[in-house]
Amino acid sequence: MLDALDILLQANFWAATIRIATPLIFGVLGALLCERAGVLNLGIEGIFVAGAMSGWLAVYLGLPLWGGVLVAALVGAGFGLVHGVLTVPLGLSQHVTGIGVTLLATSAAYFGYRVAFPNVGTPPRIEPFPPLDVPVIGNLPFIGPIVGQQTAFTVLAFACVILVAFVLARTPLGLALRAVGDNPEAVEAQGLSVVGLRMGAVMAGSALMALGGAFLTLSAFNAFYFGMINGRGWVCIALTVFASWRPGKALVGALLFGALDAYQLRLQTITGGAVPSQIFLMLPYIFSIAALVLVARRADYPRALMKPYFKGQR
Amino acid sequence: MVDTSESLPLFSSGQIDRRRLLALGAGALAFSTFSGAALAAKEKPIKVAAIFTVPVEQQWVSRIHKALKAAEARGDITYKFSENVANTDYERVMRQYSQEGADLVVGEVFAVERPARKVAADYPDTAYLMGSSFGPTKPNFSVFDNFIHEPSFLTGMVAGKLTKSNIIGLVGGYAIPEVNRLMQAFMEGAVSVNPDVKFLVTFINSWYDPPKAKEAAFAQIDKGADILYAERFGVSDAAKERGIKAIGNVIDTAGDYPGTVVASALWHMEPTVDRAIKAVMDGTFTAEDYGPFSYMAQGGASLATLDPKLVPPEVIDLVLLKEKEIKDGLFRVNVNDAEPKSTM
């Protein structure tokens, strides 16, 4: 029992928590941005894959690491454009389109990979982001080792949380974005473009999602594998509801999920096999479902979520 | 129901010597002649199609792919393959290749055991050689599996001798027989040379999530493990980053992680694949268990050459002695398919 609590006092546990949470932070932020503008983006899982593949490939082909990050974001925005065009001006079902985008983006990434590498044994590797070397904080006890194991990519994730929170809450653009997800008619009456705002939000959100994927191949690991996204995108969709569409809570949700995953990996090794490993593997997902049940009752959905807007239609 | 009643004994355990193999082979032949099940002889090159549920980079599948590629290079076969085929789609792809006139279809049917046997029954002129947890099904459905528990045992000996903390970590994909078997043999090998050794076992429930495998490995290193059994991609990376050792599995990754991977249990599909190809050419292909052709004695498994710079010479001698005993049939490594558990 003490062993189980002792885990929480290890700096390495918290370092792992942040590492596991980072791709989710990007993903939840992206999903949240889309949904705040009224568009559910189930293309997230595929966009993760496309981001992971394209960012990694760009670096493999010789771009610097940040160049890879940019490429991933652009590819994500591209798939966001596809999803946006189909769901915003054309008003197609957001569920069906999103699943379609996931299938398309996943297959396109695999196809691109196979065309680029028809004949390899083990997937080629790149030199990923190095761990941070922070002058003062790096020497602090406990905090130092936690920060020292992260990379600049994780810093970008935290910066994005602040940026998205600031834009949504404190800028006219953020106000318009929130309004377009709650009451598009009012936005139209203001003389703003509902289509333009929603398209922009979906593309920016999709770019963030792609960064989540790119983190896995550029920082957490150094190669692209088929299937390595492994449902992380879907977790983000659930975490968005948990976060009540707020960036701050999104960060908390992602960190909680990361902590539970890091915790179960450590718990598996201390129970001496008394508990089946599958129970531990379930933990983070049980948490997601339980949290949804608790939070979703009070969830304040964007009023116009999943409702296409057609100008002049009542 | 998978019909295994008529199948040959699945000798997944027990010592296999040449005589017994021959007897079994002869028995199978006699049986098939009796029931008239042998397929017609085929001209070289025969048409081979492979269907994989994962990309050909995946360790397990890469070994089958490699053996078939080699056969293609020799001119024995023409080779087509489909990778990343969803299990829900497997039956359709099998039918398509069978319909197109493939002489031999190779693949892995762990999630589609029953449908795959149904397809095979519909195409009696096609030979099937499938990775499977069950036995062969007459008349044309043969099975194989990665029985490389023998070199796994040997790598376990290396790990047991090299560990200083007496804690060895194992990170696996899913706790299924194909994985458990090798982990159990590895653990048995380690304990055989070092009774004090303890194990940490973690499963990540994914075949292909290197970042997660890496996190699991980090957790074990934090707990004191100084040698990791790398069943999945990602584990050796964690070992390399933290400056400890790793043991490879199925493929030889020592070149990718120099100084980190100290021993590897390798799987060779060539004996299995070549035998099946020859059987199809000769018209002697029947429903058989090819599992034994993944044993060391048949050249289906081996221990990657140990580097004296990484492993002390006396340990190498000890391991090579045991290897010889296994090959000569003097020592039998148990086949234990039970899920391995942490012992701390």
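Backbone N, Cα and C define each Cβ position, glycine as well.
Listed features, source TrEMBL:
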TRANSMEM  A:12-32  transmembrane segment
TRANSMEM  A:39-59  transmembrane segment
TRANSMEM  A:65-88  transmembrane segment
TRANSMEM  A:95-113  transmembrane segment
TRANSMEM  A:151-169  transmembrane segment
TRANSMEM  A:199-218  transmembrane segment
TRANSMEM  A:279-296  transmembrane segment
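When Cβ distances are compared across the two stretches, the transmembrane segment (A:12-32) makes no contact with the transmembrane segment (A:95-113), since fewer than 3 pairs at least 6 residues apart fall below 8 angstroms.
Contact between the transmembrane segment (A:95-113) and the transmembrane segment (A:151-169) is absent: fewer than three CB pairs lie under 8 Å, with pairs separated by 6 or more positions in sequence. A:199-218 is the stretch from A:39-59, A:151-169, A:199-218, A:279-296 with the greatest number of Cβ pairs below 8 Å to the transmembrane segment (A:65-88). Listed as Cβ neighbours of the transmembrane segment (A:199-218) (distance under 8 Å, sequence separation of 6 or more from its ends, same chain) are residues 22-27, 29-34, 36-37, 39, 41, 43-44, 47-56, 59, 65, 68-69, 72-77, 79-81, 83-85, 87-89, 126, 128-129, 153-154, 156-157, 160, 164, 177, 180, 224, 228-229, 232-233, 236.
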